Each structure stands twice: as structure tokens, then as C-alpha cells.
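In what follows, a single structure is set out as C-alpha cells and then discussed.
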């Protein structure tokens, strides 16, 4: 008689971090995400220096994340293709865009809108690479852990983004201050290359061969989301988080100028967000096995609202910096809780497409948020524009009450 296999106990956050596959994958995500933030800050400083327009800075986000409209198609590829190859291809394209920006500045001294258009084109290339590899990278995370380890894994899934948000903008602003835009863009390209090196060493389990009985269309993913209302609410919540978090970087140059600072204060503002986000990750690591998704979603959204109101209420630089930190803490809590809730609800065969919708929801509103707040900042003040970013998470908080998220959909997969 065959003996039943005893399941291994779930690994802790610390053990996952040093795991050969998941650990390397996490470091690869850190390098690539940091590269995106370095590119964003360097591009923002360069364009603001060239044009003096907060709206022009908002265009960086618009072109970098505008291609997210095509992410569901990339998610479809991730559901029945080679996930690892798709991740690597996306990073190669991102490295090409960042490297192209460095070359653009290295071969000349562009000024005004000539500089802006060159940076915008290279940022578009980075955005296309993000679209190609993003859903595959999101879909690979659950494949490297067990279901019981998923809350801890999602904490680490957020950690690279949070740590990169801390290190990337500060590093980008520092490099621009010390060495100029060429070095800043080159550093971003290097980050993507380091991600490629790490992912090449990771063994991602291959999926089963595509079944003729499974509908791999984008429409099937959309239909599943529509019939699972708590899942739909979670996607709306992540859209609000994306909308509200982007102005913390696109408004930073204009806000720093209003406060009497320069590139150093730009870096300090974005770093404050990152420090707060890192604190949020620390809290999540402590409570990883006791996370109640519905409560953490509401808590994260509420903390983001409080941070935005605090930062917009005064012209005192220390308080504004503290407000950015509070926004960052709420960001970490909300993103991790929302991501965990979504991953626990979706079936394996729909993972790529629904995580593609997660990326669309998270990054799609960001160009709108950056352009809208940039326009408001140009017409009024950066601090008033900062106050408007609190509206989205406040509305999402009303919609995503814990009681609403606890409602069981007919096709819900029960949590363990």
C-alpha cells in the first residue's frame, strides 16, 4: 500500500528570500523595478529642466504606461506560452529603451522640446517592454511557491517594488546631480540587464500543455472577473492605488520647486515614499501568516488618504516628507493585500490574463493621474494637485468595505 506523502510546512518569508529560485526571481524583480524608477526620475528631472512644465513630466508616465492597454494580449501569451522566455524578452526591450535614452544624451546636448520628445520615445520603448514581460512575471510568482506560502510570497512580491521605489528615485536623482542624465539612463539599462542575468538562472516550472477544452481568449478572463464581484472590486481598488500613487513622483519636481528645493529635494520626496513603503513591507512580513485581506485592503486605502491630506495641508517640508512616507506605507499595505486576494481567487488557467488585468488596472490609470495632476499643478499649485490624489483611494475605500469583499462569488476558490 502506498504511503501518503506528508506535505512540507510552508516556508517563512526569510526562507523564501534565500530560496535558489524564488530568491533569485525576487532579486531580478528588484533590479528591473529599480531600473524603471531610475528611468522615471531621471526622465522627469531632464524634461522638467528642459521645459519647466509639470504637464510635460506627466507625459513621461503617459507614454511609459500607455502601452498597458495591450497587456491583456500579453497575459494571453503567458497562459499558454513560455513564461520565462516572455519575461526575458520584455527585459531586453526595456534595456534597449533605457540605453537608447543614454545614447541620445551622450551624442548631443538636446534642449527644450527636442530633449523632451527624445526622452518620451525612449520611455515608450521601456513601456512596451514592460507590457511584454509584466504579466508573465506576475504569473510566475505563484508557480514558485505553494498555495499556503502565497501570502508570504506576495509580501516578497511587493518588497522588490517597494525597495526599488525607495532606492530607484533616490539613486536616479543622485546620479543626475553628480554625473548627469547620461549616467542616470545608463544605470537604468544596467538594472534591466541584471534582471536578465538573475531570471536566466531561475527554474520556472513548465505549465501543462494547452488544453482544447480551455478558453484562452481575453474575453474569458473578462467574463470571469465580471461574475466574481469581490475580484472586480479588488481590481477597482488597485486602479485607485495606481492613480493615487503616481503623482508622488510626477509632482515631485514641481512640489520641490514650490518648497524652495531642487533635485536633492525631489530625491528626498520620492525616497520618503519609499521609506514609508518599506515600513509597510516590514509590517506585512510580521503579519504575513495572519493577513486578513479584506481588513488590510481597507487599511491601506485609508492610510493613503491620510498621507495625501497630510502632505497637502502645509508648506512645511518636514511634514510634506512625512506625508509622502504615510502614503508609501498605505501603498504597501494595499498593494500586497489586494494582490494576495486576487491570486487566491483565480484559477491557474486564467492566471496570466487576470494578472494582466491587474497590471492594466494598476498602471493604466497612472498616465491619467499624472497628466491630470500635472495639469492641475500648472493651473494652480502642486500641493493642491497633491490633495486631489486622495479622492481615488477614498472612493475605493467606500466600495471595498470588508463586508463587500467577503461576499462569496459562485465561482470563488475558497482560501485555505
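Cβ atoms are placed via backbone N, Cα and C, with glycine included.
Checking TrEMBL for transmembrane segment across the ranges 3-23, 87-107 points to 87-107. Cross-referencing 205-225, 268-288 with TrEMBL places the feature transmembrane segment at 268-288. For the transmembrane segment (182-202), the partner stretch with the most Cβ pairs below 8 Å, chosen from 36-66, 87-107, 113-133, 231-256, 319-342, is 87-107. Counted over residue pairs 6 or more apart, the CB atoms of the transmembrane segment (113-133) and the transmembrane segment (36-66) come under 8 Å in at least three pairs, which marks the two as touching. Outside the transmembrane segment (354-376), and at least 6 residues removed from its termini, the chain residues within Cβ reach (under 8 Å) are 53-66, 68-69, 71-76, 78, 130, 134-135, 138-139, 221-222, 224-225, 231, 235-236, 238-247, 250-251, 254, 335, 339, 342-343, 346, 384-386, 388-389, 392. Among residues of the same chain six or more beyond the transmembrane segment (319-342), those with a C-beta under 8 A of the stretch's C-beta atoms are 150-151, 154-155, 157-158, 161-162, 165, 230-231, 234-235, 237-238, 241, 244-245, 248, 255, 259, 268-270, 272-281, 283-284, 291, 293-294, 296-297, 299-313, 354-355, 358, 362, 383, 393, 405. When each of the listed stretches 36-66, 87-107, 231-256, 268-288, 382-400 is scored by C-beta pairs under 8 angstroms to the transmembrane segment (295-313), 382-400 comes out highest.
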